[in-house]
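A.B. asks: What TrEMBL lists as ATP binding site is Ala12, Pro13, Ser14, Gly15, Ala16, Gly17, Lys18, Ser19. Per TrEMBL, domain 'Guanylate kinase-like' is recorded for 5-183.
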Amino acid sequence: MEYPGNLFVVAAPSGAGKSSLVKALLELDAKLSVSISHTSRAPRGQEQHGREYWFISPDEFRAKVQRGEFFEWAEVHGNLYGTSRGAIEARMIQGEDVVLEIDYQGALQIKDIFPYAVLIFILPPSWDELQQRLIRRGDTQTEVIAQRMHNARHEVAQAQHFDFVVINALFETALFDLKSIVHAQRLKYASQRRNRSNVFRALDLIED
Ligand SMILES: Nc1nc2c(ncn2[C@@H]2O[C@H](COP(=O)(O)OP(=O)(O)O)[C@@H](O)[C@H]2O)c(=O)[nH]1
Ligand SMILES: Nc1ncnc2c1ncn2[C@@H]1O[C@H](COP(=O)(O)OP(=O)(O)O)[C@@H](O)[C@H]1O
């Protein structure tokens, strides 16, 4: 399946900094918009329904899965998360560039559906820094932090399946790397489309 807009997928272990980086990237790039996922987990801290997530019950989530409403969905840290068709299809058809902030399971599902999607994995600089960021963030309970740190080891091993890996040590450097990847993909995709239309023009000329 192919749409005119670019599709960027950002995945990372919890606490690596993907939400902060995507938020900063969106503030710098008016052509990018972010997909709002559905989740069965409860809101954290100041999170609002319809801003960070569409917060729904596990039963509602499973009913949506049954109705085929998700492009992708996964169980992550014991909660359900998914990208609905409604969240991104219209914008991609209009040629908007969309960013998905999802886990590695969802990223691989998206790549299967949209091979041109650009998968970007955000790595923390160290396990200790990852744990410190989760603690400093302050909205995740101690036992949940232990679960996420445990899951992080398997998640980091999935980085090998991604198109790009960005180490989020210094925030500004990681943000620059993200911007560069988005810019390079736009240039590549635009030239690929131009090249395709040039080939069709050449074929027209041959038939004249
Ligand atoms: N597959 C999938 N994963 C998602 C989606 N939305 C969020 N996630 C992932 O679920 C995990 C937990 O997200 P969250 O509960 O917001 O915690 P955080 O990682 O600490 O910010 C993260 O890896 C997210 O990338 C989604 O729509 N689909
Ligand atoms: N490069 C960085 N250096 C230090 N702290 C960071 C950096 N990037 C993000 N953080 C902080 O780490 C915490 C986790 O970041 P967040 O974006 O919520 O991660 P994720 O969305 O991957 O769970 C937040 O408090 C954020 O401000």
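Placed from the backbone N, Cα and C atoms, the Cβ positions cover glycine too.
Since the structure is predicted, the reported quantities are computational estimates derived from the model, not experimental observations.
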A.B. asks: Pro13, Ser14, Gly15, Ala16, Gly17, Ser19: which of these binding-site residues put a Cβ within less than 6 Å of any ligand 2 atom?
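C.D. replies: Near the molecule: Ser14, Gly15, Ala16, Gly17, Ser19.
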A.B. asks: Same chain, not part of Ala12, Pro13, Ser14, Gly15, Ala16, Gly17, Lys18, Ser19: whose C-beta falls within 8 angstroms of the C-beta centre of the ATP site? Give them in sequence order.
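C.D. replies: Apart from the listed residues, the neighbours are Ile122, Pro124, Leu130, Arg133, Asn168.
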A.B. asks: Are there any residues at least 6 positions away along the chain from Ser19 (ATP binding site) with a Cβ closer than 8 Å to its Cβ? List them or say none.
C.D. replies: Glu101
A.B. asks: Any of the binding-site residues Ala12, Pro13, Ser14, Ala16, Gly17 with a C-beta atom under 6 A from ligand 1? Give them in order, or none.
C.D. replies: Ser14
A.B. asks: Limited to the domain 'Guanylate kinase-like' (5-183), I'd like the whole-number average of pLDDT.
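C.D. replies: Per the prediction, mean pLDDT sits at 95 for the domain 'Guanylate kinase-like' (5-183).
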A.B. asks: Please classify the secondary structure at Ser14 (ATP binding site) using three-state DSSP.
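C.D. replies: Once the DSSP labels are grouped into three classes, Ser14 (ATP binding site) ends up as coil.
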A.B. asks: Find, among the binding-site residues listed as Pro13, Gly15, the one whose Cβ has the highest number of other Cβ atoms within 10 Å in the structure shown.
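C.D. replies: Result for the most crowded candidate: Pro13.
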